[in-house]
Amino acid sequence: MELKALFNLDPNVKVRTRFAPSPTGYLHVGGARTALYSWLYAKHNDGEFVLRIEDTDLERSTPEATAAILDAMEWLNLTWEHGPYFQTERFDRYNEVIDQMIEQGLAYRCYCSKERLEELRHQQEANKEKPRYDRHCLHDHEHSPYEPHVVRFKNPQEGSVVFEDAVRGRIEISNHELDDLIIRRSDGSPTYNFCVVVDDWDMGITHVVRGEDHINNTPRQINILKALGAPIPVYAHVSMINGDDGQKLSKRHGAVSVMQYRDEGYLPEALLNYLVRLGWGHGDQEIFTLEEMIKLFELEHVSKSASAFNTEKLLWLNQHYIRELPAEYVAQHLAWQYQEQGIDTSKGPALTEIVSMLGERCKTLKEMAASSRYFFEEFDGFDEAAAKKHLKAAAVEPLEKVKEKLTALSGWDAHSAHEAIEQTAAELEVGMGKVGMPLRVAVTGAGQSPSMDVTLAGIGRERVLARIQKAIDFIKAKNA
């Protein structure tokens with residue numbers, strides 16, 4: 001029987017990349033960068049992007065992790081043309097190919113016991129040889145196919161595997177370094193390295209972008225592809241991401257999963273912009289729209305060196321995008337933060353107004369939601385330091401006067417509120433701060449907020465007047 005790829009693919013598509021995470025945990029920033037590079041390369045070349053879930057590790061793979069990966073990809077807006085495909089749904093296909101390989105002499109059954117393999121390894125180590133299988137079962141005719149066995153790929157014993165890595169250049173591995181890889185376990189399940197090969201073949205993958213930790217798998221996979229008569233993709237192995245201390249990025253460096261960044265109030269545009277620059281660049285340019293990334297991205301410009309993750313740089317980018325993206329769009333992401341923090345925004349200013357007021361001040365949307373709570377709900381008490389400094393006996397007169405002015409307003413907007421504050425200061429012959437600061441603490445509970453006119457307009461007349469009275473009562477009670 002002839003070995004051939006399974007899927008009917010569009011022959012006009014010249015580039016087809018894939019992202020193939022294992023659902024054993026959340027999508028971390030290293031995986032997200034790999035997905036982004038793979039996605040950008042496909043888009044840059046008018047190609048297609050395939051999403052594949054490599055869930056052959058049945059013990060560690062979970063539906064929750066799969067859902068989290070899909071959520072993260074959707075949040076980042078890294079859409080896919082094909083998939084998601086699940087390896088566990090393709091076991092029949094893998095076993096079909098393995099059986100054909102046995103039939104054609106490309107693979108063989110191995111009946112060796114664990115004890116024999118352990119003894120072989122000890123002998124080879126004692127002789128200072130590289131541990132590898134000795135092909136004891138290659139021509140075995142004594143055992144029945146129904147006896148317990150694994151299946152091994154018959155790896156070439158001569159020559160070398162040579163491939164041109166799109167990031168690292170020429171890589172050559174002698175076949176003497178490679179073993180006869182197990183491609184099917186004794187329980188009948190195919191192994192990771194084999195499933196990957198069949199998937200890449202069936203799915204017409206032309207370019208494999210993945211982490212440098214996969215380099216050792218590549219020669220083994222290339223040899224299997226050659227045995228199948230399948231085309232060899234271009235491989236591009238990207239470097240690891242380290243923390244700012246030079247150590248491999250981990251939880252101790254802060255958030256490492258993509259959705260943690262969403263939870264912390266980052267915009268997807270900021271994270272994508274940061275990740276694309278973490279190992280790739282275009283001159284001195286720092287800010288890239290997604291359209292610019294697609295236009296400019298080339299694998300040849302990806303760095304071979306490890307990159308250092310810098311949270312301050314990501315924060316800077318996030319504030320840039322909060323400030324520069326349309327307020328309507330930012331407000332959609334901000335709404336999720338309010339929901340997470342249990343803040344009911346049904347009574348208060350439009351969220352686009354919050355973005356306009358606080359966009360220059362806040363580095364994250366989480367900070368923006370937390371610091372604008374007073375627009376939507378009452379606060380229990382005043383910030384202790386702010387109250388001590390500004391809610392003194394001398395503040396009663398300015399607060400009573402400005403309350404009187406605000407009560408008398410026919411309309412309620414930022415301009416009218418500003419005039420009321422200005423008139424109060426003029427009549428009392430004091431600086432604007434003598435009115436504005438006690439007023440700020442009175443209506444927000446804290447010593448910092450956007451300008452008082454827009455803050456008052458956003459909070460609303462009824463709440464503002466009630467809070468001013470509450471502050472006056474607080475001062476009088478404190479000084480009674």
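Just so it is clear, glycine is given a Cβ too, placed from its N, Cα and C backbone atoms.
According to Swiss-Prot, the feature motif ''HIGH' region' maps to 21-31, an assignment based on sequence analysis. The Zn(2+) binding site annotation in Swiss-Prot covers C110, C112, C137, H139. The feature motif ''KMSKS' region' is assigned by Swiss-Prot to 248-252. The ATP binding site annotation in Swiss-Prot covers K251.
Listed in chain order, the residues near the Zn(2+) site other than C110, C112, C137, H139 are Y108, R109, Y111, R135, H136, L138, D140, R152, each with its Cβ within 8 Å of the site Cβ centroid. When secondary structure is read from DSSP and collapsed to three states, H139 (Zn(2+) binding site) falls in the coil class. Mean model confidence for the motif ''HIGH' region' (21-31) is a pLDDT of 93. For C112 (Zn(2+) binding site), the number of other Cβ atoms no farther than 10 Å from its own Cβ, over all displayed protein chains, is 18.
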